[in-house]
Amino acid sequence: KGAVCVNKRKDWRKPLFNTTEDPGMAKASKVKRQRKKKTKENKTRTVHANLLYDNAKGEENPNRHYANNKIKTTKYTVLSFLPKNLFEQFHRFANVYFVFIALLNFVPVVNAFQPELALAPVVFILSVTAIKDLWEDYRRHRSDKEINHMDCLVYSRAERSYVEKYWKEVRVGDFIRLRCNEILPADVLLLSSSDPDRLCHIETATLDGETNLKQRQVVRSFFDLDCDFDPIKYNSIIECEKPNNDLNRFRGYIIHRSGRRDALYKENLLLRGCTIRNTEEAVGIVIYAGHETKAMLNNNGPRYKRSKLERQMNVDVFWCVIILLVMCLFAAVGHGLWMFQYGDKRPVFDVLSPDGTDLSPIMSAIYLFLTMIIVFQVLIPISLFVSIEIVKICQVYFIHQDMELYDEETDSHLQCRALNITEDLGQMQYIFSDKTGTLTENKMVFRRCTVAGVEYSHDANARRLAMYQEMDSEEEECTSHGGTLPRRDSVTSHQSARVVLRSQSTKSHRRTGSRAEAKRASILSKHTAFNITPDPQLLDKVNECSSQMDFMRFHSQPMSQLPSDLADVIDFFIALTICNTVVVSSPNQPRQKVQLTSTKSIQSNHLQVNKGSSSSLITNRSSNKGCSSMLSSPSAESTLTKLDEEQPPRDLEHNFGPVLPCYDGKAWNLEEGELRYEAESPDEAALVYAARAYKCSLVGRLPDQVTMELPHLGKLNFELLHTLGFDSTRKRMSVVVRHPLTDQITVYTKGADSVIMDLIKPPDTGKRQKKIVNRTQNYLNLYAADGLRTLCIAKKIMSKEQYACWLQHHLEAETAIQGREELLFESALRLETNLQLLGATGIEDRLQDGVPETIASLRKAGLQIWVLTGDKQETAVNIAYACKLLDPEEEILTLNADSQAFHSNFTTFEIYPSSSPSSSSSSHTPPFMVHRLGLVIDGRTLAYALDKSLEDKFLAVARSCRSVLCCRSTPLQKSMVVKLVRNKLKVMTLAIGDGANDVSMIQVADVGVGISGQEGMQAVMASDFALPRFRYLQKLLLVHGHWCYSRLANMILYFFYKNAMFVALIFWYQFYCGFSGSAMIDQWYLIFFNLMFSAFPQLITGTLDKDVSAETLQQLPQLYVNGQNSEEYKPYMFWMNMIDAFYQSLVCFFIPYFAYADSDVDLFTWGTPFTTLALFTILVHLGIETKTWTWMNWLSIAFSIALFFTVALCYNASCPTCYSPSNPYWTMQRLLQDPLFYLLCVITPVAALLPRYFYRACQGTLFPSPVQVGRQLDKLPAETCRNILSLSRVKVGSPLSPKPPFLSLAKPSPKGCNIKDQRSFPSSRASEVLYVLIPAETCFSAEMYL
C-alpha cells in the first residue's frame, strides 16, 4: 500500500520536474522555468516534504539549500580564534597604534627600549581581552552543544514511525511530533493536534516574556481530518515568505495536489523556543530551521553605543596625539641643531649609520623623531580603554545590586543591556515617555459605561474601590511608621536562558515569599480588577432582557419583538464577552488540558485570573501596517459552502445548554472548579470581567465557536465565522458570528472612539440612533475628562449574500503575498462600515505609585519631559494633570488641526494669550507677561507639524513650553519626534516605554529604557536599560547616572594628567642629553608604570567614588544639572590638566636635579627617584580628587606603593647587567639608605600639588559649585541638614519672566488651528519668607546653597 502511495506521489511530481516534449523545446522550457523559479525564490520559500526524497540524491532535494537546525553562536574555532580575535581588536585604533609603536621599536636605528620589553604592555592588553573573549565564546559553545543535542521525534520513512533525533539533525521539510511541555526545536507549521478543537496552546515566555497561553490553529485544509495525520499521505507544497525576524507575521499559502490554495497565518506557525502546553500531541512540518528561525534572527545580543563622554574623550585623545607629535618634532629639531653645531667634527658618541657612514643632521633628526614617538608613547593612554571597560562593568554590577531598584511584586530587577553608556544616564536633557503602562499600571479597572445612550455610573463599584484604596493608603502609612520588614537573603532570582530538559519549564521562578508591598498590591489588584459591583439599574435590565428572551424561546417567538433598548443591552454584553481573544483555562492545572465533561463544570461563576497573566497587545499592537495581525478563522471556502447550502430552520434549543436557574446578582458558587481568563491585553480582561459581573460569562472558545453563559438562558453557542484582529492602524477589532437566537450574521466591533464614531451609520437614518450617538459622545467626553480609557461598542447585521460577497473578496486578499496588508485593510474597512452604536465603556488605568513625585523630581533636575501617547486627548490631559506633568498654574496651549489648511498657516502661527475669563479677571497682571506654558497637540496636527517645512517652527514653540503632551500619536510619530529633538537641538534624549509600539522610539533615543510591565518584553529587549517601575527612573538618573558620569569624567581627566606628567619628565631631560632620546628612567619602570604601579587606585576610585550621597542627590535634584552641562568634563579642563601635569613634572624633575647636582651618582641612581616621586605625586593628586574614602581606597594606594618597592628591590637585586653599560644593580637599596631620598619624597609632592590643593580649597570656600555645597551638606548633622533642605524648598515669589521673543499679541489664530489657552494664576502674594533656626556655624553653608 505504501508503494502505491509513493507511485502516485511520483506521478504527481512528474509535471513539476520532468519534461516529455521535444528535447530542444524541453531545454528552453527548463531554462525558462529555472529563471522563473530563481526570481520567485528571491521573494518566497518553497518547502517540500523530505519523505519524497529519502531515496533520491542530495542534489535532487529542493530543500537542500536551506539552513539545517544546528545552531552555532560562537564566533571562533580553534584555528580562527587567534587571527579573528586580533582582527576584531585591531578595529580599535588605539590597539593598532600601540602595535605599530612596539614594532617600530624593532628597527635598530630608532629603537629606544629592548624590543621584547616594548611588546609587553600591548601583548598584555591584547591577551587580557583575548582571554575574556575566549571564555565568553567557550560558554556559548557549551550552551550550543547542550541545545543541539536535545532530542525530538522526527518521522522516519524507513521506520514508518517517529524516531528520536537530535535537534541538530532536524531539516526543513521534516515532520515532527511535539508533546506537552516540550520545547519547539524549529519553526513548525501546525498540521495536526490531539486537541479535539484542532488547537495547540503555547507559551512564548522565551520570545516576548509573556506567560499567558496563546492559541495556534491547525492549517485549514487539515482541520477536518477524520483520522490521525499520516505524513506518508502528505502531498502538498508550501509557499511562504523568506526568513525574517518579525515574530508577529507569517505569510504564505499551501498548494494541494488538487490545485487548491489555502492561506497561512502566524496562528498556524509554532516558533522555536516556545513551549507546548495543554496539548498532548501535535504534528507539524519544519518551515525554518537553525539560524533562519525567527527566534535566532531576533537574537542580537547586547547593544553597543558610544556615549557622549566617550566621544569627548576621543577628541582629547586626538589632542594628545597632536601634543605627542609636537614634542617629538621639537626634540627632533633640537637634536638636528645640536648635531649641526659640531660641523665636520663628529662627536665621539656619534652612532654611525648601518652601512658605516656618518648620518647627516637631517637624517639624525628624522630617526630621532621616530625614536621619540617610541619614548613618548605613554602619552597616549593604552590602559585607558581597558580601564574604562572594567569600571563600567563594575558600575553596572553595583547598580544591579541596588535593592531599592528591585520590585517585589513582579520579582524583577533593573537590567542593564548596554554596558558602555552608563555615564549617559547622568547627562540626560529630554525624556520622552509613553503613558499607558509606563506612567500608569496598565491594569485596567472597569468603572463606567453607557448603553443605548443611557449612562450607568456604577457608584457602588466606585465606593468599593475608594474603600480599598483608602485601606491601602492607611496600611502603607502604618507600615511607614512601623518600619520596613527585613529583606530576604535572596537578592535576586535567576532566570536561565539555557534549555536543558524537554520537561523543564522556561518560566522564571518566582519567589513565594511575600512582603507588605507585594501583598497589598495583590489584594488591591484582586479586589479592583476582577470583582466588579454591578450597577443595579443595568443589572435589572440584563435580567429583564434575559427573562423576556427565555420567554420568547419557550414560546418560539421571534427575537425581533424584543424592545430596542433591551436588545441593545444584551448585544452590548454579548460584544464585551465574545469580541476578544481571551483564552479560558483552569487555574488548578494552568498548563494542562482543560476537560469540560459536564454542565456543572461549565457553570463557572467566581472566575479568577492568574496574577500577571494579563499580558499585552504585543501580538496585535506591534504591527504598524494595515491589518497584518488579522486572526485566522474557519476556512473561508468552507464558510462560503455553508452559506450556499440551504439552511433548515434552526431549533432554538440547539443553541442553548440546559436551562440554568435565575440569577439575582448575588454570588454564585462553583462546585467542581474555576475557570481562568488569560487575555492578551488588560483591556480585554477588564471587559470580560465586567460582563461576568452581569452574569454574561465567557465559558469556552473554539476556532469556529464561542460559548457564553447568560442568566436564565444558560449556554449560548455563537458560530464564529471570522475574526479581524486588533492592530495599531485600524485601532479596532471585529468578530463575525451567526447569532444563535436570530440566525442572523452579526458583526460585533469594539475599538477607539475616534475610529468607531466615524464608522457609525449616518445619524439621519433614525432619530433614536442620532440621539444615542450624541449622548454617547457627551459621555465619552466626560469619561475622558475623568481620565478614563474609552472604548466604543457597535454591531452590524449582514445578509447572507452581503457576507458571501465580502468573504469572497477577503479570501483573495488573504491568499495574496504581495500587498497583502493593504488588501486586508481595505477588506476590513468594507466590513466595518455603517455600524450601529451600542454603547461605550470607561476603564480606569491607575497611575503607578510614585509617578507624580518622580516627575516633579525630574523636573527640578532640569529635565524636559514629553509624553507621547496614543490615547484620546481628554484622557491624556487628565492623566497629565494627575501625574503633575501639567500644572494648574500653567497656560495650556492646545493645537488641534481640523484640516490640511493648518499646513500652510502654521508658518504664521504664533502664541498669544486668550481673553479667557480667568485671564481677564486677573487685571493686575501685565498683559505681556505669561506663565509657564504647556503644549498639547493631537496626532493629526503632529503629522502636519513634523513636515520638513514646519518642524523648526514646531520645535521653537515646543521648546518654550515646560511640558509637551502629544496625543493620538502613532509609533512612527513617536520616533520622529524623538529624532527631531535629538538632531535639531543636539541634546541627550531618553525614551521610556513598555510596549511594542514604543520600540521605535526607544531605539532612536540616545538611551532607551523599557518597562517590564503588562505588555510583554519587546520594549525591554529593544532597550538599553529595563526597569520594573517608572519611579525607579528617578534614582537611576539622579543617583546612579550622576555617579557614573562623575566617576568616569574624573577618571579620564586623571588618566590624561597622569600620563602627561610622567612623559614630561623624560621630555625635560632631553634638554640635558642633546635631545638624543635617552631616558634617565629605567625602561622597566617606563613600560610598567601605568600598567602596574598606578593602575589599581584609579580603578577603585572610578568604581566607588561618590561625590554626593544618594539621599542628598534625591533631595536636591538640582544637582543633576552638573551632568547636563558637562561640568565635570569641559574642554578647558583637559588643557588645565595638561598645564598642571607639565607644572608638576617640572617640580618633580628640577627638585631632584638640583638636589643631586655636582654629585657622582650614576644615571639610574639619579633617575629612579623620578619614578618614585612621580608615583607619590600622582597618588596624592588622586587623593585630593577623591570625594569618598573607603578601606579599599587606602588598600589600593598601599598596594601600589608596596608593589612598586617590591618590584624595584627585586629587580635591582637580581639584574646586574640588564642595561649595559649602565646597570640598575642595588640602586633602590642604596637610595633607601640615603636621607636625601626621603626628604625628596616629602618636599617634591607637596611642592608639586600645592597649587592644585590651594585652588580646590579656595574654590570650595569662596565660589563652591552646587555639588560641593551638597557634599558639605552631607557632613552636617542630620537635623541641620533637614532644616537647610526644607529652607531650600520654599517657593520664593518673583516677577513673571518676560515673554519669549517669538510670542506675539497681535496676530490672530490661523484658520484650521484651534488654540485653547487655559490660565490659572497663583496667589497674589508677592513672596513667601520662611525663617528657620539653624546653628550659626552652618549659616555659611546654607547661604552658599541658597
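Just so you know, glycine gets a Cβ as well, placed from its N, Cα and C.
What TrEMBL records for this protein:
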COMPBIAS  29-40  compositional bias 'Basic residues'
TRANSMEM  93-111  transmembrane segment
TRANSMEM  117-135  transmembrane segment
TRANSMEM  317-342  transmembrane segment
TRANSMEM  362-386  transmembrane segment
BINDING   D434, K435, T436, E684, F726, K750, R789, T869, G870, D871, R968, K974, N997, D998  ATP binding site
COMPBIAS  492-506  compositional bias 'Polar residues'
COMPBIAS  613-623  compositional bias 'Low complexity'
COMPBIAS  624-641  compositional bias 'Polar residues'
TRANSMEM  1052-1072  transmembrane segment
TRANSMEM  1134-1157  transmembrane segment
TRANSMEM  1163-1182  transmembrane segment
TRANSMEM  1194-1214  transmembrane segment
TRANSMEM  1236-1255  transmembrane segment
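Between the transmembrane segment (362-386) and the transmembrane segment (117-135) there are at least 3 Cβ pairs closer than 8 Å, counting only pairs 6 or more residues apart in sequence, which means the two stretches are in contact. Of all Cβ atoms in the protein chains displayed, 24 besides its own lie within 10 Å of the Cβ of R789 (ATP binding site). Note: the stretches the transmembrane segment (1134-1157) and the transmembrane segment (1236-1255) are in contact (3+ CB pairs below 8 A, sequence gap of 6 or more).
If one looks beyond the transmembrane segment (1194-1214) by at least 6 residues along the same chain, the residues whose Cβ comes under 8 Å of a Cβ in the stretch are 1084-1085, 1088, 1092-1097, 1099-1100, 1168, 1171-1172, 1175-1176, 1179, 1182-1183, 1224-1229. Residue pairs drawn from D434, K435, T436, E684, F726, K750, R789, T869, G870, D871, R968, K974, N997, D998, the listed ATP binders, are separated by up to 25 Å at the Cα level. Non-local neighbourhood of D434 (ATP binding site): V867, L868, T869, K974, I992, G993, D994, G995, N997, D998, M1001, each in the same chain, at least six residues away, with C-beta under 8 Å from its C-beta. Around the Cβ of R968 (ATP binding site), 21 further Cβ atoms fall within 10 Å across all displayed protein chains.
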